[in-house]
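Feature list (source: TrEMBL):
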- D64: active site (ACT_SITE)
- C187-C387: disulfide bond (DISULFID)
- C246-C411: disulfide bond (DISULFID)
- D257: active site (ACT_SITE)
- C298-C347: disulfide bond (DISULFID)
- N320: N-linked glycosylation site (CARBOHYD)
- 421-446: transmembrane segment (TRANSMEM)
Amino acid sequence: LRPASGSRQQDAPGAADGLALASDPGGTLNFLAMVENLQGDSGRGYYLEMLIGTPPQALNILVDTGSSNFAVAGVPDPDVTSYFNPELSSTYRSQGIEVTVKYSQGSWTGVLGTDVITMPKGLDGSYTINIATILESENFFLPGVKWHGILGLAYDALAKPSSSVETFFDSLVRQAKIPNIFSLQMCGAGLPVSGSGTNGGSLVLGGIEPSLYTGDIWYTPIKEEWYYQVEILKLEVGGQNLELDCREYNADKAIVDSGTTLLRLPEKVFSAVVQAIARTSLIQEFSSGFWTGSQLACWDRTEKPWALFPKLSIYLRDENSSRSFRISILPQLYIQPILVIGDNLQCYRFGISSSTNALVIGATVMEGFYVIFDRAQRRVGFAVSPCAEADGSPVSEIEGPFTTADVASNCVSSVSFHEPVLWIASYALMSLCGIILLVLIVLLLIPPRCQHRYTDNDVVNDESSLVRHRWK
């Protein structure tokens, strides 16, 4: 396997162990075979071709580091061009377990099963994987998308209906004996967010491909293994610190999620960022609808509005907790071309939005970097991506190290707010309230001398959203 050349291994003794040192039974992994195995764009997601079942059925699968189920369309849908028919596969085995996942916009319900998959531009060989065949969906498959399913690459803690469902990548690690690491490059910087769908990108399973990055890899620890949760220390707009308490940036979590199109910021942070961009931009008056996503901003096609806007920097804690590094995106990544009107106008959207429950480093930022999900060493790495260019100039930067003396020693709440914990707490409170209400009713309706019995409330099938703020 290829070594992680150029990475800052001197800051983490033994950091190379487990990255790209193991090999599959057939010999050395060929990472170059996985280069440019993705297609798509930031507006509708990046997808990988897979062959599912026997004989194989070809489908495009959305790459999503913010969820953990592998699910494919199992019946015809007006918004998908292909679907997986399990009845045509001799190797499909149904588990007969229904699974539902709801998003902030969209949901699907399906049945769990297993089948074999191969990847034309992935690992050699075929592997038996848990697959949810989607039988019903609402606003999940959107008009114009060119994918037919979703590949959840987060941890099993998010898998539905329970964490006992082995995830796609865990199955690959176990069966192919590859290192527990994958890396992702999405190449859509400066291009229309809903273009031809052929911008390209790379999903490297089992290691790091040096041709996909320049300079050093900077690593930040994974704080919790559910989403890829990281710790953000501060934000700067045009080189000016927002001066917010660092816990505001991590309320209630900060995650790296390829299935989210935008950079999503907690409401207080979003408001501060918008004010700072408006203050430091060269535009004196700007419609508020542009910042909220309800309006586009249009310029003559001969103009490039990016020079009017400032750079945005995100500081992440280094593996050495007393240091940090910053990833910066130029406006070419967050002022995004989306629509051409007539012969003269190019319209743009604001690639940042507000969130009620997380800071989400989505495609708006990820398109600037080669991102390494090093599960073996519980860290996420960032390196500058060579494809993050517009008009021949880089649109992303990484700099460091910086001292963390000016921020708190821990910017992440010590309380774990995992959804499963919230569900359990909710069930307990609902059950308690139900019992109290039942007792009160019994006391009112039955004479005191009579004995009474009551039963526990039925178990509630919670279908709350696991993954929020998806394709807008």
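Backbone N, Cα and C atoms are what each Cβ position is placed from, and that goes for glycine too.
Known features from TrEMBL, placed on the structure.
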residue: D64; record: active site; Cβ within 10 Å: 23
residue: C187; record: disulfide bond; Cβ within 10 Å: 22
residue: C246; record: disulfide bond; Cβ within 10 Å: 20
residue: D257; record: active site; Cβ within 10 Å: 25
residue: C298; record: disulfide bond; Cβ within 10 Å: 17
residue: N320; record: N-linked glycosylation site; Cβ within 10 Å: 13
residue: C347; record: disulfide bond; Cβ within 10 Å: 15
residue: C387; record: disulfide bond; Cβ within 10 Å: 18
residue: C411; record: disulfide bond; Cβ within 10 Å: 22
Candidates C246, D257, N320, C347 (recorded positions) with Cα within 10 Å of D64 (active site): D257
Cα proximity to C246 (disulfide bond), best match among recorded positions C187, N320, C347, C387: N320
C387 (disulfide bond) versus recorded positions N320, C347, C411 - nearest by Cα: C347
Inter-residue C-alpha distance, C411 (disulfide bond) and C187 (disulfide bond) (nearest angstrom): 31
Residue among recorded positions C187, D257, N320 with Cα closest to the Cα of C298 (disulfide bond): C187
Rounded Cα separation (Å) that holds between D257 (active site) and C347 (disulfide bond): 26
